[in-house]
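> For reference, the structure I am asking about is given below.
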Amino acid sequence: MLKAVILIGGPQKGTRFRPLSFEVPKPLFPVAGVPMIQHHIEACAQVPGMQEILLIGFYQPDEALTQFLEAAQQEFNLPVRYLQEFTPLGTGGGLYHFRDQILAGAPEAFFVLNADVCSDFPLSAMLDAHRLQRHPFLLLGTTANRTQSLNYGCIVENPQTHEVLHYVEKPSTFISDIINCGIYLFSPEALKPLRDVFQRNQQDGQLEESPGSWPGAGTIRLEQDVFSALAGQGQIYVHLTDGIWSQIKSAGSALYASRLYLGRYQITHPERLARHTAGGPRIRGNVYIHPTAKVAPSAVLGPNVSIGKGVTIGEGVRLRESIVLHGATLQEHTCVLHSIVGWGSTVGRWARVEGTPNDPNPNDPRARMDSESLFKDGKLLPAITILGCRVRIPAEVLILNSIVLPHKELSRSFTNQIIL
C-alpha cells in the first residue's frame, strides 16, 4: 500500500506568479489545459498500490479547491483529501503535523511532491529503486549546468551506491551539478528525524527570550533541517532522472512547463492535442483546445498553445507560444506571441500582444529556466507579456514585454511596463 502527499503551499507563497495567482490558487493554474497539480495526481494514480492522495497547504478551502478535489476523486477513483495547516509549517512541518493521517493504514512508503514542479514523474522507477534498497529517504535528482546549479538544492552522491554524501540548499559556490527535483519517496521511518527536529525546535523555543520572534516548533524545512543534517549517514539516497523537469516559480516558467507537458501529451494523452481538420483552424505543433472554445477556421495556432474553456478566437488570429485562459476573446487578426491572456480579457482586432521568451539555453542540454527577478538596474527585464483578469486591449495597439494587472482598460500601446 502506498500514499502520496502533494505540498501546495499557501497564498503568501507564489508572489512571483502574480497577477495570475490573484484569481486562482497557484496550484490550480491551468498548465497545458489542466490544473498544475492534476499532472501530479495523474502520475500518482498510475502507481500500482496507490491508496490515497493528500494535499497539504495553508490555502483556505474555497470553492475552486473543493470542486477540483471532487472532480479529481471521481476521475481517478481515489480518495484525494486536503489537509489545511493552521499556520505555514515549511516543507517538512506539514508532514510531521499530519503524520497520523499519512501513516493511517500502514503504508509501505509515501511519495512527497512539491506542487510547483513540472516533470514526467518517474514514480514507478523510484519505487523500484526503493524496494531494492530500503532507506528512509529517496530523492529524485537531475543535472543542471554549473552556474544554474547554485539556484537549487545541490546533491553530492556516491556514484556507486547513490547515497547522498552532502546536501546544500542554494550554495554560494559550486558544489555539484546534481540538483534536487522536489520529488521524494519516504518510508514511514522518515518521520522520526522530523520528530527530532520538532523536539529540538521546542527546546530552542523555550530558551528564546522573545518567543514572539520565533517561528514555532512546527516549522520544519526538509532541505535545511533534514537533508543537510542527515547527508552522509546512510539514510538519504538519490535516484537520477534524465526526463523532463522544471520549476514553476514565475508566469514565464508556466509557459515553458506548458510546452513540456504538451510535448509529453504525444505519448500520454494524444486525445488532448488538437488535430488539423477540414474547415478547422490551422494547427502547428502541439496545441490544446478546450471543447467549449470557439476558434475561427482561418486562425493559425501553435506551436505550444493552450486555449481554455469558453475562449473565442476570431478570424485571422495568429497565436503562438501562449496560454489563453477561460472566457478570453481574441478579436479578428490579433497576433499573440509568448504571452498569457487572462480570464475574460479581450484583445481588440489587429492588436499585437507579444513577450520575450526566457527559455533555457537550447544549446546546453543541462540548462534550466532562470528564475531571475523582474528588474535589473532599475529596469524591467524583457519577459513574457501577461494580461491579468478582465483586461481590455483596444484595436491596433502593441503590448510588448509588459505585465497588465487585472481589470485594466488600456487606450494605447505599452512597451516594457508594469501597468498598475
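Heads up, residue numbers simply count up from 1 along the chain you see.
A Cβ is built for glycine as well, from the same backbone N, Cα and C atoms used for every other residue.
Copying in the features that Swiss-Prot gives for the protein in this structure:
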BINDING   Glu85, Gln247  GDP-alpha-D-mannose binding site
REGION    2-251  region 'Substrate-binding domain'
REGION    273-420  region 'Hexapeptide repeat domain'
REGION    356-384  region 'C-loop'
> Going by DSSP, is Gln247 (GDP-alpha-D-mannose binding site) part of a helix, a strand, or coil?
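In three-state terms, Gln247 (GDP-alpha-D-mannose binding site) counts as strand.
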> Give the mean pLDDT for the region 'C-loop' (356-384) on the 0 to 100 scale.
72
> Taking the Cβ of Glu85 (GDP-alpha-D-mannose binding site) as the centre, how many other Cβ atoms fall within a 10 Å radius?
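Other Cβ atoms found within 10 Å: 18.
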> When DSSP states are grouped into helix, strand and coil, how many residues of the region 'Hexapeptide repeat domain' (273-420) land in each?
0 helix, 54 strand, 94 coil
